[in-house]
Amino acid sequence: MRQALPLVTRQGDRIAIVSGLRTPFARQATAFHGIPAVDLGKMVVGELLARSEIPADAIEQLVFGQVVQMPEAPNIAREIVLGTGMNVHTDAYSVSRACATSFQAVANVAESLMAGTIRAGIAGGADSSSVLPIGVSKALARVLVDVNKARTTRQRLTLFSRLRLRDLLPVPPAVAEYSTGLRMGDTAEQMAKTYGITREQQDALAHRSHQRAAQAWAEGKLAEEVMTTYVPPYKNPFAEDNNIRGASTLADYAKLRPAFDRKHGSVTAANSTPLTDGAAAVILMTESRAKELGLRPLGYLRSYAFTAIDVWQDMLLGPAWSTPLALERAGLTMADLTLFDMHEAFAAQTLANLQLLGSERFAREVFGRAQATGEVDDAKFNVLGGSIAYGHPFAATGARMITQTLHELRRRGGGFGLVTACAAGGLGAAMVLEAE
């Protein structure tokens with residue numbers, strides 16, 4: 001094992017995560033229908049600051065992400081600053097790393113803290129699958145540009161006459177990889193076939209996720225980290241995730257047909273995470289700044305790692321690649337972890353990554369190591385359920401996982417937790433957290 005890379009400031013301060021919060025997560029076109037991501041971001045950051053009782057001017061930087069970009073608000077981070085009563089001079093910029101976006105936001109704020117340019121910042125993300133940037137065809141877009149330059153009505157009519165009916169149809173955001181044309185579900189099907197993951201195994205994992213998430217809500221474990229929201233027409237509060245199927249049975253999962261490979265596939269809507277709306281954020285600061293403000297941190301950021309692999313085959317293996325690097329940089333092994341939380345984009349993807357983490361062959365061929373990263377103990381894995389149950393607002397999931405894991409570590413008396421996610425483009429992210 002290489003030498004650990006401690007995440008500390010020049011003064012030796014650890015990177016403290018003092019609080020975290022999220023909105024409830026809503027299935028597409030339900031509770032947050034019509035609410036853009038920027039408004040969801042304002043909701044969560046405004047409430048996070050109000051609950052923390054941290055002076056607004058103590059926050060020196062806000063890094064926020066949004067995967068499904070809205071042209072009218074390209075820098076969501078700055079709009080959140082301007083829309084929440086934060087100091088107008090607060091530095092703010094936006095990031096995007098697909099499903100690992102808020103992992104990236106957290107890393108960026110941590111790096112600013114370690115560089116000494118700030119002492120406190122907010123990181124997070126928001127996405128809406130209900131408010132989408134519906135575009136126009138390339139043919140229509142080109143004609144519209146040319147029409148603006150045309151000088152006569154005749155020239156304009158000539159340009160429009162070149163269009164076909166199909167050119168006038170709206171164009172929704174792409175759901176496939178730009179470089180390959182593959183959808184995420186296509187990749188999940190690849191992984192199921194490559195690693196011999198059955199439909200029954202996928203359905204069992206999905207059922208486990210929903211059961212554990214339902215239990216977490218029933219036991220009140222999520223109440224402190226999920227805010228109550230009010231949206232137009234402001235008649236009813238929305239306080240709990242609405243995708244969780246606590247009453248489902250395994251037989252219910254078996255009824256669904258494959259969603260991607262309809263003839264030979266095993267990936268269904270039930271063993272995949274749904275399109276979701278929501279936002280999440282965390283406050284980070286140096287350990288000494290937290291003490292100055294009289295705050296007890298939820299925990300500390302021990303290490304992080306980002307990786308990238310090829311996109312043509314089994315590209316959602318990011319956790320299997322990033323987890324060993326994050327553990328190495330933290331100076332830990334799999335056995336040292338109290339909790340292990342993996343983003344469940346698809347049950348097939350999750351099970352494939354778990355399989356490779358326990359594979360000596362994978363460790364030897366990819367990392368040149370004699371031993372596997374380690375089997376993930378089921379008693380430590382996604383103990384409160386995962387994204388299949390909660391949903392997945394792309395840019396918000398990382399912040400949800402970090403906050404959820406730190407709260408659970410605190411309930412268990414402290415220890416180390418690892419959170420990890422795959423992301424489009426063959427990307428992966430992992431972070432090691434510590435709670436006392």
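These residue numbers are counts, starting from 1, taken along the chain as shown.
Yeah, the Cβs are placed from backbone N, Cα and C, and that goes for glycine too.
According to Swiss-Prot, the active site, acyl-thioester intermediate annotation covers Cys99. Taken from Swiss-Prot, the feature active site, proton acceptor covers His392, Cys422.
Candidate active-site residues: Cys99, Cys422. Fewest other C-beta atoms within 10 angstroms, Cys99. Reduced to three states, the DSSP call for His392 (active site, proton acceptor) is strand. Straight-line distance linking the Cα atoms of Cys99 (active site, acyl-thioester intermediate) and His392 (active site, proton acceptor), rounded to a whole number, equals 8 Å. Secondary structure from DSSP puts Cys422 (active site, proton acceptor) in a beta strand. The Cβ of His392 (active site, proton acceptor) has 26 neighbouring Cβ atoms from other residues within 10 Å, across all protein chains displayed. A distance of 12 Å separates the Cα atom of His392 (active site, proton acceptor) from that of Cys422 (active site, proton acceptor). The secondary structure of Cys99 (active site, acyl-thioester intermediate), as reduced to three states from DSSP, is extended strand.
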